[in-house]
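Enquirer: Structure incoming, see below.
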């Protein structure tokens with residue numbers, strides 16, 4: 001049997017040659033568990049006459065990827081085979097690739113169609129020797145397979161459908177696209193990105209260096225006017241933004257409600273639903289940058305709007321199609337007054353913004369005074385029980401995961417842009433809180449820090465110094481993007497130049513905890529969570545202050561809280577730790593100002609975290625075993641940290657894999673796994689949601705925008721969701737909830753799981769082991785990042801006289817802080833029955849949180865509601881095909897009763913909980929369950 005080589009020659013298939021090729025790519029991997037011969041055997045079984053060497057490489061990579069469930073190093077080996085294959089099909093010299101991309105001629109039109117901007121091409125030609133020599137192609141071999149396939153699918157530039165770039169080419173294109181002729185900055189950015197310490201957001205990776213470099217991720221749009229002209233002008237704005245790969249947050253608070261008078265035509269309004277269906281179709285039609293991602297609009301509405309009930313039904317799977325808009329994402333912009341009325345079981349008046357103007361333009365006490373004035377004047381459309389509307393919100397969230405929940409007053413009170421006016425919405429992913437207006441489209445450029453890259457494995461500590469320095473580089477990059485960005489609409493350009501907000505996020509917080517052997521819900525993790533975000537906020541302000549010293553503060557700086565010496569943690573009434581010298585930083589800000597109005601905005605990082613091989617943003621792992629889908633098929637992936645631990649303890653086998661699958665990705669009920677390992681690998685479904693919300697509030701004091709906080713509930717009920725929302729609101733969160741994530745009520749039958757093997761794993765007992773060991777760095781991890789030494793810059797801000805951590809990074813013009821101590825002391829030990837010391841892996845469990853406790857009722861039934869017995873529909877009714885009337889008769893289910901009135905006294909406390917961190921949660925039904 002023959003194989004066809006890339007030059008067209010044919011050669012007999014040789015088993016040893018394939019094995020040798022795979023073996024050459026196994027450097028640095030654990031050869032006790034990685035078997036090149038096993039891969040070759042499976043590849044040979046799939047060989048056919050005339051197969052090409054490229055196809056053999058694809059088959060070998062897919063084979064290694066399928067073996068990832070055996071050991072995580074197979075994911076790196078699979079990527080190396082795929083990368084090696086790509087390297088054979090692409091040019092090595094980056095300047096030649098750029099020349100080819102710039103000189104591209106469209107074969108259909110015969111016209112010059114450059115894929116690289118002229119100024120970028122000319123810059124590369126001027127500095128090609130420096131840029132070409134700076135690229136380290138070996139770094140391509142440290143991606144995991146699924147991260148590399150993500151790059152292949154959407155990020156690497158293609159010529160006539162064939163990939164022309166390598167991953168290192170893309171990173172250098174991004175660096176040059178941002179910094180141009182500043183060679184030192186280019187190489188600094190290239191090195192930090194290629195070493196996987198941070199990544200820019202997807203639009204930046206897509207478009208940097210191209211003829212239309214639209215590098216921004218988020219756009220916040222305000223309706224231009226409540227008129228046909230205003231609505232369709234806004235629609236065009238949304239289409240232009242979506243065309244350029246931007247996600248959109250649109251507020252419609254000021255669009256008149258159904259039945260409102262229209263003076264121009266002497267008619268009445270159809271309300272917001274028909275209008276939103278037009279926006280829905282635009283989102284479907286105008287995708288983000290040539291099918292890279294679908295168009296995405298989030299629609300924000302305040303809950304006093306008279307069409308709010310119809311709004312909540314837009315994404316439901318049942319009901320009339322003409323009143324549905326399932327491609328839009330829904331969000332509520334909730335004033336505190338509404339939460340108070342729900343808590344008190346009070347009345348809530350629905351109003352039309354045309355008849356009760358100004359409500360969207362004020363917040364806090366001013367909003368409450370105006371709203372109550374309209375109530376007293378009888379201008380409302382309809383008065384309902386606040387809990388009736390609350391029930392409708394929870395019902396929609398249970399069915400669809402929407403609407404998102406953001407608290408208007410917290411967003412405005414704790415914003416550094418409060419001097420600009422009332423903020424009316426967030427963005428698509430609920431982490432951007434910026435001022436928008438009819439003549440201003442708010443914009444945000446994003447990047448995320450890979451928190452797992454700053455682990456000092458040698459000392460089992462966290463390297464805050466390195467994190468501080470890299471954060472400053474990220475801030476400078478994002479600030480530069482504001483100036484070189486191609487804006488889809490002039491309103492976005494005007495806004496970004498005036499206020500200069502940026503969004504620094506994170507990914508891999510869960511990986512950082514696992515690398516340091518900290519359970520997600522431990523005291524040590526809670527402390528590290530605060531210190532990480534305190535470090536990022538301090539570093540971001542440091543860099544922005546230095547930029548202001550060089551270039552001046554942003555145009556609307558005067559009158560902002562920061563200009564008055566008020567930082568984000570001051571607005572939360574929080575005192576920072578002694579990790580950094582905030583007094584000196586405030587003194588410098590008072591002297592020079594800051595260049596950017598907003599700095600931190602932890603975003604979801606869905607795609608970029610997959611590229612870098614991290615868990616998403618600040619979330620726990622959702623499962624310890626899951627599916628990854630690529631064009632080649634579906635692959636099972638096991639949490640790589642868990643897999644290494646189980647392999648080292650001799651517990652990993654097919655039977656163990658099947659047991660974890662049978663447990664839905666959990667290891668908590670597997671007797672053979674030690675308890676400290678179980679504590680380390682709790683999934684998000686097994687961690688108290690109170691812990692998740694509390695950690696969000698802890699880091700919130702150092703996040704001047706907001707955060708994309710998902711809520712996970714295994715079996716959601718109205719009582720649980722109510723508990724969660726009120727806890728977040730009381731703790732001062734800006735984003736109370738991004739998505740509500742739930743699990744299916746029933747698991748599918750697992751035909752592929754061997755039940756006999758499961759019983760075998762049940763019979764095994766946990767092996768004796770001496771507690772959690774210090775984790776060594778995984779394959780493909782860069783443990784030492786050394787750039788040029790810092791030669792200039794302002795004095796360090798960190799407190800001096802403390803012990804150091806790991807290898808420093810010297811970066812140009814970045815203030816290098818003094819070394820900082822590790823985040824936590826060595827854990828206290830407990831003595832087990834056999835006198836062996838064992839680390840304390842989690843604190844004592846506090847009183848249960850209602851949202852974490854199982855409840856037997858239907859997800860649509862409140863915890864205090866009686867369970868209603870339902871009857872089967874008789875066959876005559878089915879034969880007559882009678883439809884439901886729920887969309888015709890608005891009053892078919894009034895739900896006007898007090899949803900807690902018939903409950904025992906303890907259960908009536910659910911909606912009236914005054915939960916706060918100092919209170920005893922066990923005294924409250926909402927918190928204790």
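Each residue's number is its place along the chain shown, starting with 1.
Yeah, the Cβs are placed from backbone N, Cα and C, and that goes for glycine too.
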Enquirer: Considering the GDP binding residues 217, 427, 431, 605, 606, 607, 608 given in Swiss-Prot, which of 202, 415, 623 is annotated for that site as well?
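Expert: Looking at 202, 415, 623, the one Swiss-Prot places in the GDP site next to 217, 427, 431, 605, 606, 607, 608 is 202.
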Enquirer: Can you match one of 256, 277 to the dTTP site that Swiss-Prot gives for 226, 227, 228, 243, 263, 264?
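Expert: Within the candidate list, Swiss-Prot flags 256.
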Enquirer: Please report the distance from the Cα of residue 263 (dTTP binding site) to the Cα of residue 427 (active site, proton acceptor), rounded to the nearest angstrom.
Expert: 33
Enquirer: Cα of residue 605 (GDP binding site) to Cα of residue 427 (active site, proton acceptor): how many Å, rounded?
Expert: 15
Enquirer: Could you measure between residue 256 (dTTP binding site) and residue 427 (active site, proton acceptor) for me? Cα positions, answer in whole angstrom.
Expert: 22
Enquirer: Write down the Cα-Cα distance for residue 217 (GDP binding site) and residue 243 (dTTP binding site), rounded and given in Å.
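Expert: Their Cα atoms are separated by 12 Å.
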Enquirer: In angstrom units, rounded to an integer, how far apart are the Cα atoms of residue 264 (dTTP binding site) and residue 429 (active site, cysteine radical intermediate)?
Expert: 37
Enquirer: Going by DSSP, is residue 606 (GDP binding site) part of a helix, a strand, or coil?
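Expert: Once the DSSP labels are grouped into three classes, residue 606 (GDP binding site) ends up as helix.
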Enquirer: Which numbers of helix, strand and coil residues does DSSP report for the domain 'ATP-cone' (1-92)?
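Expert: Its residues fall into 54 helix, 8 strand, 30 coil.
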Enquirer: Out of 11, 57, 431, point to the one nearest residue 217 (GDP binding site) in space (Cα versus Cα); all of them are recorded positions in the record.
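Expert: Comparing Cα positions, the candidate nearest residue 217 (GDP binding site) turns out to be 431.
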Enquirer: So how many other Cβ atoms are close to residue 202 (GDP binding site), meaning within 10 Å of its Cβ?
Expert: 25
